[in-house]
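Notes to accompany the following structure.
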Amino acid sequence: MLPLHHSSRRIFQILNIGDVSSWMSQEEREDEDGFLTRSILSMPIVNGQKTVIGVAQLINKVCPLSGGMFESTTNNPCLLERGLGHPKNNGSSCLQGMASLCKLMAKQKVALECLSYHATASADDTTRLYHETIPSVECYNLYSFKFVDFDLSDDDTCRATVRMFLQCNLVKQFHIPYDVLCRWVLSVKKNYRPVKYHNWRHALNVAQTMFAMLKTGKMERFMTDLEVLGLLVACLCHDLDHRGTNNAFQTKTESPLAILYSTSTMEHHHFDQCVMILNSEGNNIFQSLSTEDYRSVMKTVENAIISTDLAMYFKKKSSFMEVVENGEFDWQSEPQKELLCGMMMTACDVSAIAKPWEVQHKIAKLVADEFFDQGDLEKLQLNQQPVAMMDRERKDELPQMQVGFIDVICLPLYKVLSETFPWIKALYDGCVENRKHWQDLAEKVEMGLTWIDHDTIDKPVEEFTGRTDRTVVYRQTCRGVY
């Protein structure tokens, strides 16, 4: 006699058996652990083509099953409490429910396919980038920690990205089809929203800083080629689909993303978007990797993207600094390598703080504007008072907040990294220099300077009259972020 699930599959019917003793011997009913089968509901699972793709079985329902084979379950209200059907439905409804589930899954697949299609770069754009000459590293100043993207066109940003992959020999090393690389770069760019700061150009700058740390900073000697690939991909994808609002905002508004991810909400979403693009047709730059290498590089990408959550930085900072200060580091050990990569990602993510002053204060304006937009949303939608750095009414405090940001996050990180890897000291020096500028502006605010809103950051603030401790009155004009 065939087992019950085979019978259910063969005859395409639901088997509702309240007492299996007539079907199975005592030995068959009792397994080696002493579990005794008393009742069974067995039903076939069909797809949209009415093909049986499996069988579902419920065993020993708490509510006794009445009747024999093929009896309708209408009079057994506790037969199907969860999952396969409603308790008031009959057995055929279970099949209908499974069919509905299959349809929902198919609809989801179609939706994802549509999303993937619209998220993927166009064939024309891909072909154009594919045939273009890619300028040298020197042309784009990619080796420098003072790299600036302001004068680059959108096309140049893509060409510069491709150049970094070529310069690291990743295309040849991992047999990345060149058209796939071009399409992937354009697709990543396309999936950044036009928010004021956390956009494609920020991603490019983060990736360029990583490139400079690896090349100019000579940190590539501590990395495998696969890790270099993973880090560059992570940098380019680390803020994919950023909405201009942070994790706290997702939690406050109980957004779908916050429901999906209780911690590092946006970072998990950025990684998911990265995976979505890689899974889109013609975008998998990892397609030639072995299974083992694929798992390894995806782990690197995921860990690196999640580490851009500053909460993760604060969580791991002490461990990293303790390892370095004690001289116990072994960058080839997996835990310490992961720790190092996380610190490098944070260093790259905040590297605008180390750019030349004329660049840094412009970027600070972009960051502040994005933060203030979130603060406005919190006031309007949530009727809440935003924190100081997101409160437009407290914009005059920006210089002092920048000093605090540098002291708490940037300088300690750049200091320990530059002491361990001296070739990246330019990041530390740039940060120190910009702190002086922000401190100077903070002192001027204390003296009574009033900032003025402007469309651009380059306009000077109004002249003001202030008194020193010696009661000497003087006039001066300064240029700042507002």
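The backbone N, Cα and C atoms fix where each Cβ goes, glycine too.
Automatic prediction, not curation, is the source of TrEMBL annotations.
Cβ environment of His198 (active site, proton donor): Tyr192, Asp239, His242, Gly244, Glu370 lie under 8 Å away, each six or more residues apart in the same chain. Residues or ranges marked as active site, proton donor by TrEMBL: His198.
The AMP binding site feature in TrEMBL is assigned to His198, Asn199, Trp200, Arg201, His202, Asp239, Asp349, Gln402.
The secondary structure of His202 (AMP binding site), as reduced to three states from DSSP, is helical. Within the same chain, residues at least six positions away from His202 (AMP binding site) with a Cβ under 8 Å of its Cβ are Asp239. The Zn(2+) 1 binding site annotation in TrEMBL covers His202, His238, Asp239, Asp349.
Taken from TrEMBL, the feature Zn(2+) 2 binding site covers Asp239.
Residues annotated as domain 'PDEase' in TrEMBL: 122-445.
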Of all the binding-site residues given, Arg201, His238, which residue's CB has the most CB neighbours within 10 A? His238
Cα distance (Å, whole number) from His238 (Zn(2+) 1 binding site) to Gln402 (AMP binding site): 23
Report, as a single number, how many Cβ atoms besides its own are within 10 Å of the Cβ of Trp200 (AMP binding site). 22
Among His198, Asn199, Trp200, Arg201, His202, Asp239, Asp349, Gln402, the record's AMP-binding residues, the widest C-alpha separation in angstrom comes to 23
In the structure shown, which of the binding-site residues Asn199, Gln402 has the fewest Cβ neighbours within 10 Å? Asn199
Where among the binding-site residues Asp239, Asp349 do you find the Cβ with the fewest other Cβ atoms within 10 Å? Asp349
Nearest-integer angstrom distance between the alpha carbons (Cα) of Asn199 (AMP binding site) and His238 (Zn(2+) 1 binding site): 10
Quick check: in three-state DSSP terms, what is Asp239 (AMP binding site)? coil
